[in-house]
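The structure appears below as C-alpha cells.
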Amino acid sequence: MFGDLGCLAAVWLARRLRRLLLRLRRSASSLPGAVALRLCPNLLARFGRAYAGRIVFVTGTNGKTTTTRLLAGLLRAGGRPVVTNEAGANLLQGVATALIAAGRRPPAEAIAVLEVDEGVFPAAARALRPQAVIVTNLSPDQTDRYGSVEAVAERLRRGLAFVRPEGHVFLNADDPTVWSLREAAEAAGARVHAYGFGRATLGEAAEVRRPNGAAGETIAGAEAAETPAQEADAAAGRVLERGACPRCGAPLPFAAERDGPGDYRCPACGFRRPEPEAAAEAAAVATDGLRFWLRIGDFAAPVRLNAPARYNIPNALAAAHAAHALGVPPAALAAALERLDVTGPGRWERFFLPGDEAATVVLVKNPAGARAALEPLGRDPRRFAVVFVLNDRPADGADVSWIWEVPFERLEGHPGLVAVIAAGERADDAALRFLYAGLGPLLFAAPEPEQAIAEGLRRLAAAGGGELYVLATYTALPAVRAALARRARPPGAPDERRGADVLRA
C-alpha cells in the first residue's frame with residue numbers, strides 16, 4: 001500500500017506514538033496523524049487508494065459526531081467492519097489518525113466512516129475520494145473561522161466535486177442551503193438522496209406502510225407551531241420567512257416550521273423542498289425517548305430512539321438512509337436504531353452523583369445547537385440548575401456574539417429552575433446574556449468550571465436535589481467532564497437509577 005520508505009516510517013512512528021499516548025492516558029486522536037502527515041504529505045491519498053472508495057464522509061454544522069457514531073453502529077449491525085473517528089477528531093490529522101490506527105492494510109470489506117470538519121472537507125475529499133457523503137445541516141458557526149453559511153456551502157460544493165462517480169450524497173431536505181448542494185453533487189456524477197421530516201411531522205396527514213406490507217395507515221399530522229407567536233402566525237395563515245433563497249437570493253417563504261425550516265418554496269426561481277426518500281413521520285417526544293416512523297421508500301416501521309432532544313431524529317435518519325444505500329436492510333436498521341446509544345462524550349452525557357443529583361453535559365457551539373439544547377430543559381418538570389461554560393479559543397470561535405441569538409428567555413419563570421451559572425473564559429459575557437434574559441435573580445458567576453459545578457450542585461442540594469445541566473463549548477468539555485467524573489458515584493455504588501444514561505422528558 002505504501003510504496004516508499006518515508007511513508008512506511010511515518011505510519012510506523014504514528015502508531016508507536018499513539019500507543020505511547022494511550023499508555024500515558026493522553027489524547028491520541030490527532031497528534032499521531034499530524035506527525036504522519038508532516039512526514040508523508042500524501043498519506044491520505046494513499047489511504048484513499050487502499051480503501052478503494054469504501055469511505056463515507058459526515059459533515060455539516062451540527063450533528064456530525066452523533067451521525068457518525070450512529071452510521072458506524074448501523075453498519076456494524078449489518079455485519080460490516082468499520083473504521084471510524086467517532087470521538088470527533090475531524091480535522092485532517094484526526095482523520096489520518098483513525099485510518100492509521102486501523103493498520104496499513106484495511107480489513108477486507110471495511111468501510112471508513114469519517115466525520116470531517118467543513119473547513120477541511122475539500123482537501124479531505126480530494127485526497128480520499130469518498131463513496132458517500134452525508135451533509136447534516138448548515139448554520140452560522142465560528143464565523144471568524146468559517147465566514148458566512150454561504151461561504152461554507154461553497155466550500156462543500158468544491159469538495160463534492162471529488163465524490164466518486166455513482167457515489168451517494170445524502171442531503172437534509174429540511175435545510176434549504178444543504179439542499180442547494182444538489183447541483184454540485186450531480187455534476188460530479190453522484191446520486192443525490194434527500195432525507196427529512198415527513199408530511200405527518202410537517203402538519204399534514206401521511207400514508208405509511210406497515211413493516212409487514214399491509215395496507216397503508218394514515219398518520220395524523222403533528223402541530224406545525226410550537227411557540228405562541230408561531231401559533232398566532234399559523235392561525236392567521238401567515239407563512240414564516242427565514243433567510244434568503246440559496247439559489248437566487250430572494251426571500252424564501254416557509255409554509256411550516258418544526259424541528260427545522262420545514263416546507264419551503266421560492267416564488268422567484270422555483271427552488272423548493274424535495275420529497276424525502278427517507279423520512280421521519282409522526283415524530284414525537286415520549287417518556288422513554290423519541291418516537292417516529294422510519295420510512296425509506298415503501299418500507300416503514302416504528303422506531304424508539306434512546307435520545308432526549310428532537311434534533312437527534314435527523315441525525316438518526318441520515319445514518320439509516322446511508323446505511324440502507326450501503327446494503328443494510330431497512331428492517332435491520334429499525335431494530336438496530338433502538339439498540340444504539342445516541343449519547344457520547346459531551347452529547348447528553350450523564351453523570352450520577354452522590355445524593356439526589358445527576359448532571360447532564362451538552363456541547364453547545366452555535367445558536368442552532370444551543371437552541372436545540374434548551375428545548376428539553378423547557379419541558380423538564382424537575383428542579384434543575386444550568387451552568388453555561390463559555391470559552392473563546394480557536395476551536396470554539398473567538399466571536400461569542402452568537403450567544404445573543406440563543407433564546408435563554410425561555411428559562412425565565414420556569415418553576416423548576418433554581419440557578420443559572422456563568423462560567424468559562426468568557427463568563428462575564430455569559431452572565432450579561434443571562435441578565436438580559438431576565439435571569440438575574442438566579443445568576444451566579446464563576447469562571448472556573450469546577451467552582452461553577454460546585455455552586456450549581458450546592459443550590460440544587462439546598463432545593464432538595466435535581467438535575468444539573470452543563471452547557472459547554474468545545475474546549476471547555478475536558479475540564480467539565482473531569483470535574484464531574486471526580487464527583488461521580490464510584491462504579492458499582494448502589495443506585496436505582498443506574499443505566500438511565502439519557503435525560504427522560
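Using the three backbone atoms N, Cα and C, a Cβ is placed for every residue, glycine included.
Under the heading domain 'Mur ligase central', TrEMBL lists 58-201.
Taken from TrEMBL, the feature Zn(2+) binding site applies to C245, C248, C266, C269. The number of other Cβ atoms within 10 Å of the Cβ belonging to C266 (Zn(2+) binding site), over all protein chains shown, comes to 19.
Per TrEMBL, the feature active site maps to D399. DSSP assigns D399 (active site) to coil, not to a helix or a strand.
Neighbour count (other Cβ atoms within 10 Å of the Cβ, all protein chains): 13 for C269 (Zn(2+) binding site).
Other Cβ atoms within 10 Å of the Cβ of C248 (Zn(2+) binding site) number 12 in total over all chains.
Around C245 (Zn(2+) binding site), taking its Cβ as the centre, 22 other Cβ atoms fall within 10 Å, counting all chains. The two recorded residues C266 (Zn(2+) binding site) and D399 (active site) have their Cα atoms spaced 32 Å from each other. Other residues of the chain with a Cβ within 8 Å of the Cβ centroid of C245, C248, C266, C269, the Zn(2+) site, are P246, R247, G249, A250, L252, P267, A268, G270, F271. Neighbour count (other Cβ atoms within 10 Å of the Cβ, all protein chains): 12 for D399 (active site).
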